[in-house]
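*Asks:* Per TrEMBL, the features are:
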TRANSMEM  35-58  transmembrane segment
DOMAIN    50-288  domain 'G-protein coupled receptors family 1 profile'
TRANSMEM  70-92  transmembrane segment
TRANSMEM  112-128  transmembrane segment
TRANSMEM  149-169  transmembrane segment
DISULFID  CYS172-CYS179  disulfide bond
TRANSMEM  189-210  transmembrane segment
TRANSMEM  230-250  transmembrane segment
DISULFID  CYS259-CYS264  disulfide bond
TRANSMEM  270-290  transmembrane segment
Amino acid sequence: MGSLYSEYLNPNKVQEHYNYTKETLETQETTSRQVASAFIVILCCAIVVENLLVLIAVARNSKFHSAMYLFLGNLAASDLLAGVAFVANTLLSGSVTLRLTPVQWFAREGSAFITLSASVFSLLAIAIERHVAIAKVKLYGSDKSCRMLLLIGASWLISLVLGGLPILGWNCLGHLEACSTVLPLYAKHYVLCVVTIFSIILLAIVALYVRIYCVVRSSHADVAAPQTLALLKTVTIVLGVFIVCWLPAFSILLLDYACPVHSCPILYKAHYFFAFSTLNSLLNPVIYTWRSRDLRREVLRPLQCCRPGVGVQGRRRGGTPGHHLLPLRSSSSLERGMHMPTSPTFLEGNTVV
């Protein structure tokens, strides 16, 4: 074990693994590669700004402090950190990769795995919250905030452990034949384990939403109200976008496990599939704000403050009159005696998150 960890600071180890798994090493910074890297960095900066605005909106407005919005805020936090991780990954790729020590390489790739894990567990938490709300199961009780925070904290702790397993020893240092082609310092069995766990969780989420739809279709009008269906549609869109964006990357990683070294040329283009997956973190805030007029106003408020001549009175006059807020049933307000709105919903065609 001591000899394994002694390799973590070996500056030649990364190049040894890349020489074994890759047919050619792209070490030259060509113009096209520089343009692609610049585009990815700009995209990731947009991801960070978008999700930061969502987090600010959720934090500053008390009407967004219900269970549903807190879980969406947690998803936005994971997307924001994913944007930061993708920037670091891009800047430390290319010719820089071969100058990294194994511990630096593990930190670069592990950060992306941690944020991906956090996104998956956030989607699971949202699905559980929706199921609890629709099924009218009292899960949180009087200390609901504490339990929600514990659930969010547990999801991040599990994500840290899952993403940190390679640096803790589950890697292929000293065992080149067990190495992944896409991620040359990761053991193939680790990659398969992670993809399997994510796939099982996503299937469980899909099963939860199928059950929710069945409950809604067979329930009374108060449960199957347009506001509830709109919210259900929003979280289903979020899940669908995640699957569409990450399915190509998951497929490449499964192919990586099945293919012997140098036998599947498409694995050398895996970076295109991972670049496509970054669109998920960009699209999620767009979905939130598109589906919720309330959240959209709150997200855009910091930008409106920067516009000249737009004051508080101007924003008030720009509001939409005649719309009334209705409480939407959530797991934080399931008791019949409670009438405080926890997830505001607009009438007259306005949709919700």
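Glycine is treated like the rest: Cβ placed from N, Cα and C.
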*Asks:* Is it true that the transmembrane segment (70-92) and the transmembrane segment (189-210) have 3 or more Cβ pairs under 8 Å, skipping pairs fewer than 6 apart in sequence?
*Replies:* no
*Asks:* In whole Å, how far does the CA atom of CYS264 (disulfide bond) lie from that of CYS179 (disulfide bond)?
*Replies:* 14
*Asks:* What is the pLDDT of the domain 'G-protein coupled receptors family 1 profile' (50-288) when averaged and given as a whole number?
*Replies:* 87
*Asks:* To the transmembrane segment (35-58), which of 112-128, 149-169, 189-210, 270-290 is linked by the most Cβ pairs under 8 Å?
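*Replies:* Comparing 112-128, 149-169, 189-210, 270-290 against the transmembrane segment (35-58), the winner is 270-290.
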*Asks:* Can you say which of 112-128, 149-169, 270-290 has the most Cβ pairs under 8 Å with the transmembrane segment (189-210)?
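*Replies:* By Cβ pairs under 8 Å, 112-128 leads among 112-128, 149-169, 270-290.
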*Asks:* Around CYS172 (disulfide bond), how many other CB atoms lie within 10 A of its CB?
*Replies:* 22
*Asks:* Could you give the Cα-Cα distance between CYS259 (disulfide bond) and CYS172 (disulfide bond), in whole Å?
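*Replies:* One finds 16 Å between the Cα atoms of these residues.
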*Asks:* Under 8 Å Cβ to Cβ from CYS179 (disulfide bond), same chain, six or more residues apart: give me those in sequence order, or none if nothing qualifies.
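*Replies:* Expected: HIS17, TYR20, THR21, CYS172, LEU185, TYR186, ALA187, LYS188, VAL261.
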*Asks:* Against which stretches of its own chain does the transmembrane segment (112-128) lie, if we need a Cβ under 8 Å and a gap of at least six residues from its ends?
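*Replies:* Sequence-distant neighbours of the transmembrane segment (112-128): 68, 71-72, 74-75, 77-79, 81-82, 85-86, 89, 151-152, 155-156, 158-160, 162-164, 194, 198, 201-202, 204-205, 208-209, 235, 238-239, 242, 246, 280-281.
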